[in-house]
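**Student:** So TrEMBL lists these for the protein:
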type	residues	note
TRANSMEM	73-96	transmembrane segment
DOMAIN	74-471	domain 'Major facilitator superfamily (MFS) profile'
TRANSMEM	108-126	transmembrane segment
TRANSMEM	147-166	transmembrane segment
TRANSMEM	172-193	transmembrane segment
TRANSMEM	205-228	transmembrane segment
TRANSMEM	234-252	transmembrane segment
TRANSMEM	287-310	transmembrane segment
TRANSMEM	322-344	transmembrane segment
TRANSMEM	356-374	transmembrane segment
TRANSMEM	380-406	transmembrane segment
TRANSMEM	418-439	transmembrane segment
TRANSMEM	445-464	transmembrane segment
Amino acid sequence: MAGDFFQKSNFYVRILEATYESHPNRYPARPGDVAARAGAAFEPGGLPVSQQAPQQEELATGTAARTVRVWPIMLSMFVLNVCAYAAISGALQILLPTQARLIAGDGAPSALALVTGIAAIASFAVPPFIGIRSDRTRSRWGRRAPWIFFGGLGTAGSLIMLGTSATVAGLVVGWFLMQALVNIGLNVILAVIPDRIPPHRHGLASTIQGLGLPIGGVVGVQIGAYFADAIATGYLVLAILVPLASLVGAWLTREPREAAAEVRESRPVLAELRQTLSSLRFRDYRWVFISRAVLFLGFTMVSSFSLYVLQDYVTLPPGMTAAEAAAIGSTLVLPLTVVSTAIAGPLVDRFGHHRMFVLGSGLVAAVSTLVPFVWPVWTAWLICGSVTAFSMGLYLGVDLALATLVMPAAGDTGRDLGVFHIAVTAPQVVAPFLAAMIVSSLGGYPALYVVSGVISLVGALAVLRVRAPRTGHVSN
């Protein structure tokens, strides 16, 4: 089944490639690059001549331009994201809740909240710090590749550790390390987009990057459900996937030797840390970050508790277990996410209106939560999941392209995208903690659906505060 999904995703990618060749990007330069392009030749259409009719993939670096082979880089992004999010989703949605139930019994929701709540520290701290270090790393493989490979190896070790844990304390330590290490690769691979991919390909890169999350999520849930009765084996399978993907990612994103001269000079660690969140001083970047964080929180609050929702709230068909229901549901909704993600990037490149895509996705997701709230049966759960998956796909096809438009500085892409990556990782680990509080204190699972819908609505409305996408102007 997973092989069919990958074949379908490759089909969509080929369609995207043809679409992008026919319709060049209308994005303005990233704000941090405006000064660097001050001397470029412009036509009345507003784009540099070199971008209006791109004949080859060139990326300006310093005083020279080098040809960039973008498809190997995009392939590495896709593979790494699929495997990393498979590890996250398989553990978070199936294996961890199952372990928590075996260890803590009826106290499993509270135990899971403790595990994920402590891991939130890693999701906040690691991405920007690793982004800073990768911006200033010098090696024969360039800035990003060593960190990608190291993150994959560390993730494998933490997954194996989780598979051997028999106490809540063991789960806390293992999941904390897992979140810290998996986010190294996920964060650093983001910085490759502004580093190595020309601006007229950023929308396509955002789409391919976005496809990794839903496909990886389904792969992970399938693995988790299959090994729900053999938890250690399930973790081992996930542990094999991640370092292999990291090796592919490190190899395909390695930089040429001459790129070493372009690495920024290191500053004292404390000075770097003081500058970590400086990008959030810029109005548009700050609101894109807020919108992304809140939307992902709304998306993941229910999905992180899906196993418990299916066990304790939704009425399932006779003979179907909660793990089987989760696996079937994730499989059925995957095509919707893939299709919506695949079409969002080309549409926003042609028509613009990034904010409307984000607003629409959040509004649709908010409305979908009402279905299982009033009708807690298997069919309603599938309807909610399908609509949410489609809306999330629309968002994933646009969000990274929007972020590259409002990034404050070209020289700190690793740091700034590390901060931006917090808006994905933090909600994924905070959501179970908040969901447990809502279920235990605010009226059970119906309240969880209501709060999730309200949060999605707030995240959608937050993007209306962004002013830059159509002009490339950065509001301070």
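Cβ atoms here come from the backbone N, Cα and C positions, even for glycine.
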**Student:** Mind checking which residues reach the transmembrane segment (418-439)? Cβ under 8 Å, same chain, six or more beyond either end.
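**Tutor:** Contacts of the transmembrane segment (418-439) (Cβ under 8 Å, skipping residues fewer than 6 from its ends): 88, 92, 109-110, 112-117, 119-120, 122-124, 127-132, 179, 183, 186-187, 190-191, 276-277, 279-280, 288-290, 292-293, 296-297, 299-305, 308, 403, 445, 447-448, 451.
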**Student:** With Cβ-Cβ distances below 8 Å as the criterion, list the same-chain residues six or more beyond the ends of the transmembrane segment (73-96) that contact it, or say none.
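**Tutor:** Tertiary neighbours of the transmembrane segment (73-96) are 9, 13, 112, 115-116, 148, 152, 155, 159, 162, 171, 175, 178, 182, 185-186, 189, 192-193, 196-197, 204-205, 208-209, 211-213, 215-225, 227-228, 231, 234-235, 238-239, 241-242, 244-246, 248-249, 251-253, 303-304, 306-307, 323, 326, 428, 432.
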**Student:** Please give the sequence-distant neighbours of the transmembrane segment (234-252): residues at least 6 beyond its ends with Cβ less than 8 Å from one of its Cβ atoms.
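**Tutor:** Same-chain contacts beyond the ends: 72-73, 75-77, 79-80, 82-84, 86-87, 90-91, 94-95, 141, 145-146, 148-149, 151-153, 155-157, 159-160, 162-163, 182, 185, 189, 220, 223-224, 226-228.
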**Student:** With pairs closer than 6 in sequence left out, are the transmembrane segment (108-126) and the transmembrane segment (380-406) joined by 3 or more CB pairs under 8 Å?
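**Tutor:** Output no: the transmembrane segment (380-406) is apart from the transmembrane segment (108-126).
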**Student:** Are there residues at least 6 beyond the ends of the transmembrane segment (147-166) whose Cβ is under 8 Å from a Cβ of it, and what are they?
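**Tutor:** Answer is 80, 84, 87, 91, 95-96, 99, 103, 130, 133-134, 137, 173-175, 177-178, 180-186, 188-189, 231-236, 238-240, 242-247, 249-250, 253.
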**Student:** So what's near the transmembrane segment (322-344) in sequence-distant terms, Cβ-Cβ under 8 Å and 6+ beyond its ends?
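**Tutor:** Residues packing against the transmembrane segment (322-344) from afar: 1, 5, 8-9, 12-13, 15-16, 93-94, 98, 207, 210-211, 214-215, 217-218, 221-222, 224-226, 228, 306-307, 310-311, 314, 316, 357, 378, 381-382, 385-386, 388-398.
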**Student:** Report, as numbers and ranges, every residue of the chain located at least six residues beyond the transmembrane segment (287-310) whose Cβ falls under 8 Å of a Cβ in that stretch; write 'none' if there are none.
**Tutor:** 92-94, 97-98, 108-109, 116, 280, 316, 322-323, 325-326, 329, 358, 361-362, 365-366, 369, 372, 381, 384, 388, 392, 395, 399, 402-403, 406, 419-420, 422-424, 426-428, 430-432, 434-436, 438-439, 445, 448-449, 451-460, 462-463, 465-466
**Student:** For the domain 'Major facilitator superfamily (MFS) profile' (74-471), provide the mean pLDDT of the predicted model.
**Tutor:** 84
